[in-house]
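Beneath this line is the structure, given in structure tokens, with notes to follow.
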Amino acid sequence: MSNSLPVPMSLNEYLAHLPMSDEQRAELAGCTTFAELHERLSAQPVTDPAEAAQASVGRRLTLTPRDQLEDAEMLGVDASGRLCLKATPPIRRTKVVPEPWRTNILVRGWRRLTGKGNPPKPEHDDLPRDLPKARWRTVGSIRRYILLILMLGQTIVAGWYMKGILPYQGWSLVSLDEITRQTFVQTALQVMPYALQTSILLLFGILFCWVSAGFWTALMGFLELLTGRDKYRISGASAGNEPIEKGARTALVMPICNEDVPRVFAGLRATFESVAATGDLDRFDFFVLSDTNETDIAVAEQQAWLDVCRETKGFGKIFYRRRRRRVKRKSGNLDDFCRRWGGDYRYMVVLDADSVMSGECLTSLVRLMEATPDAGIIQTAPRASGMDTLYARMQQFATRVYGPLFTAGLHFWQLGESHYWGHNAIIRMKPFIEHCALAPLPGKGAFAGAILSHDFVEAALMRRAGWGVWIAYDLPGSYEELPPNLLDELKRDRRWCHGNLMNFRLFLVKGMHPVHRAVFLTGVMSYLSAPLWFFFLVLSTALLAVNTLMEPTYFLEPRQLYPLWPQWHPEKAVALFSTTIVLLFLPKLLSVILIWAKGAKGFGGKFKVTVSMLLEMLFSVLLAPVRMLFHTRFVLAAFLGWAATWNSPQRDDDSTPWIEAVKRHGPQTLLGACWALLVFWLNPSFLWWLAPIVVSLMLSIPVSVISSRTNLGVKARDEKFFLIPEEFEPPQELISTDRYTYENRWHALKQGFIRAVVDPRQNALACALATSRHVRLSRLKWCVWSVSIRHSRSVRQNSAIRNA
């Protein structure tokens, strides 16, 4: 790139930026104007000086000796006759029509009763189909009924224990005879403890059921991975060495928006080279679908695309398209691709900006699709790697150690009616185009408009159309990156929170499979559990205050012989507390046991992986209350209509400044201190039960800052703490990504917009990638304007005739 040279400010400096010999520059040094220079570069007469720069675009692009642009026939002419780069394949449009959402069951019922029916569905080439009854469907239904019984049974038993722990039993302190003869305040004071207890018991039941679901998912995942006898795993459908037929073309699409350009194209290049090494590159095309609206980044993307094509000889295989109108964010970006080029491909693999996939993984996904004709989506389990901050490395360790259990457990319960996470997955193109286009949600407010979290919805629509959605949890070669620090992760969580709350409006949409209704529910509970937990703690504190401050009444009746003593069952409290701890932390212990059984060398050895697990558990305890408060605020913000910003996440290691941490965590620290003082004043012994919450809140500032430090993360890696196999023995794709990222940052293009105007090569590239759509648009506007003029004249003439 030309970043090493200063921005040209004169004609001579402009010449210095051109890759020419000294003799060639000497020949052009006599030019007195830029128009004359461009005319001589183009080697053809230019009648309009304003068009001189455009005339020399082709020459400026191909000045480099042995330039591949001409060899690859990448130069063409657009609709206005200007030279352009063939950055995209020819457009062959396919109809993409979203079905309007009918979310109101009352309206649907009324239309059915009145005989009006519902609006017709969009027409497709073939109707949605139901697959033949397969054995895995019956097995999946039975398994999910068992899961429901286990969750509810556990919750009922725990709720019974919780009821026995609470201090006020059986409405014994309320006299029904006295209620009619006492004031409203007296009645409220008597009823308040029981109202608080009932609310606490209800919240406890919901939260315990949520924890129970995670426990049984992890437990079944542990058994699946330990035995290795999963006969329903999708990865067993292919032998792995079948030739991919010529017609099974796959598009790898990477939607990006204002991303870290060096990292994006480093991962893309590593993936491209890995696919090329398999010998099946002719079955794949790569698309970078940009929604970038920052001009400097957009120019850098164009140059990075040209560089990676030249370095990999990827012209005609790696394409770049930037949208001018960012409709429907990422889902709209994919819709636009499907509409233009989707009909040319049988499959599509969606990548995130930080995704890297091996060629073996990608070719295996295509083979699995070919071997499973009823599969609509096959999702891989991406492995997190590539970050160096202490926070990111602990999260990488957690996802690498605990994640396989939960992913395998999800597969055990869901089978072919599973999740799609929006990236690192292969999609069957035809049913996706016909059934998975997303219409905006009807209505107004924060939960209307374009769908934000599109992945769960697309999976639900694919299953509704009769296609399977699978998780290939044991397929290696799929990688992603995590946010570098807590605050960046929380920014991402706010977007996901809003998107999941929006998706719940589709819970009762007609035709959705019960499993995907449950997916919508679990998506909401991922964030709604935070305010429920917070309210549970607040109500528990309120009950403590009532129990402490209200004068106890031991005799309700005038001649009552025996007092009514408050009840306390410490054995039930200890049993319930121990059970909850087991449900929360046993999956982590099982993960480490599985690593011991399979081999702990890649995690630093048995001792190091065990110590890392204990440190991660401590860290998760410290962060859980912090996330609780943030997620509570996110949920309230969504219901209050506060917009969530959808900026690109931080992709590079970045530490949190102390000022930023104080600003974000200061209110939490103050809340934790005040809460601790209040509980200590009410009942000092109860503070021990609340200590994990209030201490974590008071330590949130230093924990957030210290965990974001890169030097601590690197030191932990050197000592083999929080080590993952991708660091112990990194695959070639990750090695290449790191190397290319370093090289790209060294040559990163700065001041892209200015260079696109004054730098000869950047200007030529920007002109060659510009479209002539504005020309056709001007003609269209002229036609519309002329028709409107004729119409207005006709109206005036008819009006004059009537008046006459």
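In case you wondered, yes, glycine gets a Cβ from its N, Cα and C as well.
If you look up Swiss-Prot, you'll see 146-166 (among others) marked as transmembrane segment, on the strength of sequence analysis. Same-chain residues lying 6 or more positions outside the transmembrane segment (146-166) and placing a CB less than 8 Å from one of its CB atoms are 197, 200-201, 204-205, 208-209, 212-213, 216, 413, 543, 568-569, 572-573, 575-576, 579-580.
When Cβ-Cβ distances below 8 Å are used as the criterion, the transmembrane segment (200-220) is approached by residues 147, 150-152, 154-155, 158-159, 162-163, 166, 402, 405-406, 408-410, 412-413, 522, 525, 529, 532-533, 535-536, 539-540, 543, 580, 583-584, 586-587, 590-591 of the same chain, each at least six residues removed from its ends. Residues or ranges marked as transmembrane segment in Swiss-Prot: 200-220 (among others).
Remote same-chain residues near the transmembrane segment (519-539) are listed as 196, 199-200, 203-204, 206-207, 210, 213, 419, 453, 456, 459-460, 493, 496-497, 500-501, 503-504, 506-507, 627-632, 634-636, 690, 693 (criterion: CB distance under 8 Å, separation of at least six residues from the stretch ends). Annotation source Swiss-Prot lists transmembrane segment at 519-539 (among others).
What Swiss-Prot records for 576-596 (among others) is transmembrane segment, and it gives sequence analysis as the kind of evidence.
Sequence-distant neighbours of the transmembrane segment (610-630) (same chain, 6+ residues past either end, Cβ-Cβ under 8 Å): 394, 397-398, 401, 486, 490, 493-494, 530, 533-534, 585, 588-589, 591-592, 603-604, 665, 668, 671-672, 692-693, 696-697, 699-700, 703-704, 707, 721-723. Summarising the annotation, Swiss-Prot assigns transmembrane segment to 610-630 (among others) and lists sequence analysis as the type of evidence.
Listed as Cβ neighbours of the transmembrane segment (686-706) (distance under 8 Å, sequence separation of 6 or more from its ends, same chain) are residues 390, 485-487, 537, 541, 544, 619, 621-626, 629, 655-658, 661-662, 664-666, 668-669, 671-673, 675-676, 679-680, 712. Sequence annotations record features per position, and here Swiss-Prot assigns transmembrane segment to 686-706 (among others).
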